[in-house]
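Undergrad: Sharing a structure here in structure tokens format.
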Number of protein chains: 2
Amino acid sequence: MSELAAKAEKLDAADELAGVREKFVLDTVSDHAADAAGVYLDGNSLGALPAAVPGRVEDVVRRQWGELRIRSWDESGWWTAPERIGDRIAPLVGAAAGQIVVGDSTSVNVFKALVGAVRLAGGPSSGRDEIVVDATTFPTDGYIAESAARMTGCTLRPVTPAEVPGVLGDRTAAVLLNHVDYRTGRLHDLPSLTAAVHAAGAVAVWDLCHSAGALPVGLDEHGVDLAVGCTYKYLNGGPGSPAYLYVRREVQDRFDSPLPGWNSHAEPFGMRASYEPAAGALRGRVGTPDILSMLALEAALDVWDGVSIEAVRAKSLALTDFFLECVTAYAPAGRVESVTPVAHTERGSQVALRCDDAGDVMKELIARGVVGDFRHPDVLRFGFTPLYVGFGEVERAARVLGETLRVRAGNG
Amino acid sequence: MSELAAKAEKLDAADELAGVREKFVLDTVSDHAADAAGVYLDGNSLGALPAAVPGRVEDVVRRQWGELRIRSWDESGWWTAPERIGDRIAPLVGAAAGQIVVGDSTSVNVFKALVGAVRLAGGPSSGRDEIVVDATTFPTDGYIAESAARMTGCTLRPVTPAEVPGVLGDRTAAVLLNHVDYRTGRLHDLPSLTAAVHAAGAVAVWDLCHSAGALPVGLDEHGVDLAVGCTYKYLNGGPGSPAYLYVRREVQDRFDSPLPGWNSHAEPFGMRASYEPAAGALRGRVGTPDILSMLALEAALDVWDGVSIEAVRAKSLALTDFFLECVTAYAPAGRVESVTPVAHTERGSQVALRCDDAGDVMKELIARGVVGDFRHPDVLRFGFTPLYVGFGEVERAARVLGETLRVRAGNG
């Protein structure tokens, strides 16, 4: 056994979250066939299936829909699912109850949040006519921000996160930032950036897609105004499971959604001709919630029972540290370069390695059971979900990567 | 056996769609216990469960998500589901392939369609600054239309459908109409109203929630520009299943969505900083599609194999005719009044009866297994899904209604 494999064994033995893996459906790893089992390092794209989900979904389909039918809106708690499940997500992102609703896609929620933010800030008529957005963000945030700017009469100002403090001013209405960069895995400084936005009198909107469920966010503590995130990465809600919107309690009564659907009406079944927004985070709802996906997510959140986000963060950093250590040991020198920050304070729960033939390398890794992501044009992206990834898997993934890089270099 | 029960038996025997009922999970009706079985007349709120759905959903959860995980976006056809399923809905609403995408809620699609319509019409800068909307519409359409007007610089003009032709003019940008009124069941004249909108140089947007799957719509034939609809009523997609957006081929290259998410980008995995819309109806997509609900819908659409929408319409009219006949026979004279038009050309697939104590009456009906809807303040709403509702059930429902009305009158 190599030194790193032995180290992995020790780390796994001391892992207080090791038992959580049993709550997921994953390849079975026997001691003898460990190398044949897959290593799933793509939970930051689609989280693995929690074992509680299939049975719950079957009950929703066969009994709640098939037998109770329309009665389930009331009797099975369908109608209140968006806020009930929001309250389940809340502690994971440092939010008290009553501030999160689940529903719609992340893109749609970015639109609600950004337009809502501009309106909270007073908008162009008050002189605040700029939306600042992370130019390195996941593209959809930028596209939606451009639409939000166009439709609110604002100008879009794309800058790097480092440039944000320098461009804030009297004209800034809203700032949209990603907590963790989807490509590099860089963790941005949410507390200080939020404070800078507030010092300029603007509204802070955070996209938590790559941080929620992987590290502490502290929405309430740091005074974030609005936030959005998806639930199919570190929250394991399933493919395309609904996203969520956080509306800070202090701004809820002034939150003015651009998508005022009947679900956010103060009296949805009153069927009133004129719109009157519900109190609280409910006004972030829009249309009929997508129940199958929503309740699959609810079942998926059961894996968090008894798990602290601080323990998850500690293991996440240990996993990425160890992966970087193994890659350094196994990969030919200079063959890959990490674009993920070394400093813990700047690192999310992924490692991104740059190499010219990243697309082909990832194909070979996947063929050998090590599943990560290729991100155009030259990035190998590996996500580490502390709830189900072990250190032995990390060592194996790095070893397979090293072998792949060596073979390709020899063939090249 | 009463005369009407005998008539129901004959109608059921001659029903060419009778066999389709077996494709659904419904209460089993034995001859002896017929009166104990439920009658589901709420398919216009939530369609019954198609028998093919549970197995398909289980496969999506356990195998596609649980085993293939991220590979399913490609290998299980997840990524292309919105347009693939759109093409399954297309023939039911008279559309050729390539014009419908599935995703998001109806409310969100109304927003895309209305803002897109105003932009197609040229908008306020071209002098077209009015959005005409059905004042009697399902409320969410009105709320969203108000937001679309506000965000495009238009004025909202709510009028009754009958008043629409009279208010159209040079200032009309877009007109949003419901094909069938959710409350009264009135079917509006889509061909002539669309022609009137076009004659004024404006863009026609139709909401098909209460018509798709119940009667022929003829989107292509009648030149409708944009349309939206839900899939959980007569299309039986399940609670909160995703809605759809129709973008007529001729306007697709000018359709400018207010929600330009990465899923509608010409090269979604290019991760480009600047937005370039995909060709075709794809540009109606926004964020990551909701796969569990989407593929449940796909399975639900199998019930349409070999079923023509014309046969569905013929049976729908026969069902509502027969229900009205039975209500006339069984209900105390003057106790209820139908607000659904008598003329076939003006009737959807529901019957709405007005009575002062509608709320209490519906509670008693539901307690006796006859499930309809109460619509505030005084409407009993009964929906007739021709794929699974039979004439014997119609007679029984009317009989139970008559008994309930008589007893309540006696007690009152």
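Along the chain as shown, residues are numbered 1 onward.
Here the Cβ of each residue, glycine as well, is placed from N, Cα and C on the backbone.
From a predicted model like this one, the values you see are computed outputs, not experimental measurements.
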Undergrad: With B:T106, B:S107, B:F138, B:P139, B:T140, B:D141, B:D207, B:H210, B:Y232, B:T288 listed by TrEMBL as binding pyridoxal 5'-phosphate, identify the candidate in B:W262, B:W304 belonging to that site.
TA: B:W262
Undergrad: Across all chains shown, how many C-beta atoms besides its own are within 10 angstroms of the C-beta of B:K233 (N6-(pyridoxal phosphate)lysine)?
TA: 27
Undergrad: Look up B:D207 (pyridoxal 5'-phosphate binding site) in the DSSP assignment and report helix, strand or coil.
TA: strand
Undergrad: When you measure from the Cβ of B:F138 (pyridoxal 5'-phosphate binding site), how many other Cβ atoms are you left with inside 10 Å?
TA: 20
Undergrad: Using a 10 Å radius around its CB, how many other CB atoms surround B:T106 (pyridoxal 5'-phosphate binding site)?
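TA: For B:T106 (pyridoxal 5'-phosphate binding site), the 10 Å Cβ neighbour count is 28.
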Undergrad: Tell me the Cα distance separating B:K233 (N6-(pyridoxal phosphate)lysine) from B:T106 (pyridoxal 5'-phosphate binding site), rounded to the nearest angstrom.
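TA: The Cα atom of B:T106 (pyridoxal 5'-phosphate binding site) is 12 Å away from the Cα atom of B:K233 (N6-(pyridoxal phosphate)lysine).
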